[in-house]
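What follows is a set of notes on a single structure, which appears directly below.
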Amino acid sequence: MEKATGSPSVGGSYPQKNAEILSSQYGINLFLAGLLLTFAWAVHAVGISKSHLLSYLITLMLIQLLWMLWYLCRSCTQRRLIRDKDTHAGARWLKCGITLFAVITLILDSFKIGYYIDFSNCLSPTEGIFPVTHAVHTILQVYFLWCHAKDIIQSFKTLERFGVIHSVFTNLLLWTNGVLTESKHQLNEHKERLITLGFGNITIVLDDHAPQCNCTMTTLCSIFSQGIYYLYPFNIEYHILASTMLYVLWKNIGRKVEHHQQHKTPFKFHGITVGMIFGLIVLTSTIAIVVVYLIQIGRSKIKSELALTMFYLHAIFVLALMCTAGVVALLIYRLEDRSLDNSKNPARKLDAELLVGTAAGSWLLSWGSILAIICAQAHPKYTWYNLPYSVLVIIEKYIQNLFIIESIHREQEKANDDIKTLRIVTISRGSTLSLTPSYKEIYNGRAAHDIGELPCLFSSSIYARENNGSGGANEETSQGNSSVVHSASEFSFYSRSSVADNKRRILKNIAAFLFLCNLSLWIPPAFGCRPEYDNGLEEIVFGFEPWIIVVNLAMPFSIFYRMHSAASLFEVNCKT
């Protein structure tokens, strides 16, 4: 009988496993074809133009639009059915973040449409169709993620696997296209700045894809062309966030849900004032450093060297603070004895894998800089600051990854429930010792605040005891002894609770501080402040083209790491 009951479930899993493998292979081939087409356009391959790349991307977006419309229509017809949801996936703050990036992406699309209108005489029609299609795709995809990011699909599973994985790799290709376009723009600016730093032996050949005709409205063309590149960082983050949310949806297809719901933990500013103040100081100073850097770099050799020195000193100070905060948080965790939540959770697993995987981009750049400093024959003064900066980047991400991964795997405390239970037990036993002056003095007035939050049963119980206070002396004596026992146990419990509250407050402040620091460190590379380009020492040691290839491959992962870390730390702050 056991074989008879067991075999269907085992046999039934094979089609779904095959569908998962087939859909993943379909997505990978879809991505590789688009990646090769993107690379061919970037290197000016014969017979490959930008219109071919955009036509491919437009086709993928239209297919995804059809699938999303079909899914939304089917969901509307089955809206009365109770569906399983993954409470860990598609958090509200994540949806708000992707909505913000999507709004800025729509502004980017409008700039592209305006740019196409101004250069319509010499641009392919696909360059006008692409931003329109992309805008429609963005609006519908954000709506889809808001409504269905938590879904656990249990019907049409094979078809849905192909639809979701198609969406994942479509967004990855759009991310790749954005990264490449933005990197080519940064590279052209970098080549022009190298001359001011004295690296005249490097051949300067601009890789320009500008249209070969005059603009009809010069002022608007300048606004559109410059504005596009300042908006690309938000477009890049939008697509990578969308792809991760869709990937979690794909992993959840056909999943058996454990029906213990996670408690909602809203974000609160209370208790994190110190972390927020220090984090905002770092954020403000970073914005100021970036503005000065972008103004000074490339003006002259002296100004460029001062800009690089200023950037390195500021980054070293911030990274040292982040390392210290991370070590303190890990020490607090070592002092606690709390079990880890090892239940199956695709969203949490993906978060941990992305943290380590994308950190490798920064580690690659840091080790390249360290090796260049060691091997270089000549060392300008400002390049020595690159050594502690690169070492701290490696250490800081190592510590921060440990802190975040352990935080998202730790089970939440239930101290508040224990406190409520103790209060109810105390009330039921008739203890009113918490009203005594000594108790208030010990907790500095906190007890008075807590009493105000107790149920009406407490006040009525006191009133009843006061009315019955005419009892015998023996009863008062026994109640007094009982009160002493309750006082000792209550004091011991609240002492432990006070220590736990202090630890939790420190951890929340550390998480808030690291959250703002990661946002701060996302700003410089996202908006063109990239010393890996402007330092110049690495290009001499490794060669110009090899080092630029390494930077262009690693930098997108480094930028994404900071945004993903900020999102993870926001979740840690809510959970702590």
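Each residue's number is its place along the chain shown, starting with 1.
Any Cβ shown, glycine's included, is placed from N, Cα and C.
Unlike curated entries, TrEMBL annotations are predicted automatically.
Database features, via TrEMBL:
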{"type": "TRANSMEM", "residues": "26-47", "note": "transmembrane segment"}
{"type": "TRANSMEM", "residues": "53-72", "note": "transmembrane segment"}
{"type": "TRANSMEM", "residues": "93-117", "note": "transmembrane segment"}
{"type": "TRANSMEM", "residues": "129-146", "note": "transmembrane segment"}
{"type": "TRANSMEM", "residues": "229-250", "note": "transmembrane segment"}
{"type": "TRANSMEM", "residues": "271-295", "note": "transmembrane segment"}
{"type": "TRANSMEM", "residues": "311-333", "note": "transmembrane segment"}
{"type": "TRANSMEM", "residues": "354-379", "note": "transmembrane segment"}
{"type": "TRANSMEM", "residues": "506-528", "note": "transmembrane segment"}
{"type": "TRANSMEM", "residues": "540-561", "note": "transmembrane segment"}
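Below 8 A, the CB atoms of the transmembrane segment (506-528) and the transmembrane segment (540-561) form 3+ pairs separated by six or more positions in the chain. The stretch in 53-72, 129-146, 540-561 that contributes the largest number of Cβ pairs under 8 Å to the transmembrane segment (93-117) is 129-146. Using the rule of three or more Cβ pairs under 8 Å, pairs at least 6 apart in sequence, the transmembrane segment (540-561) is not in contact with the transmembrane segment (311-333).
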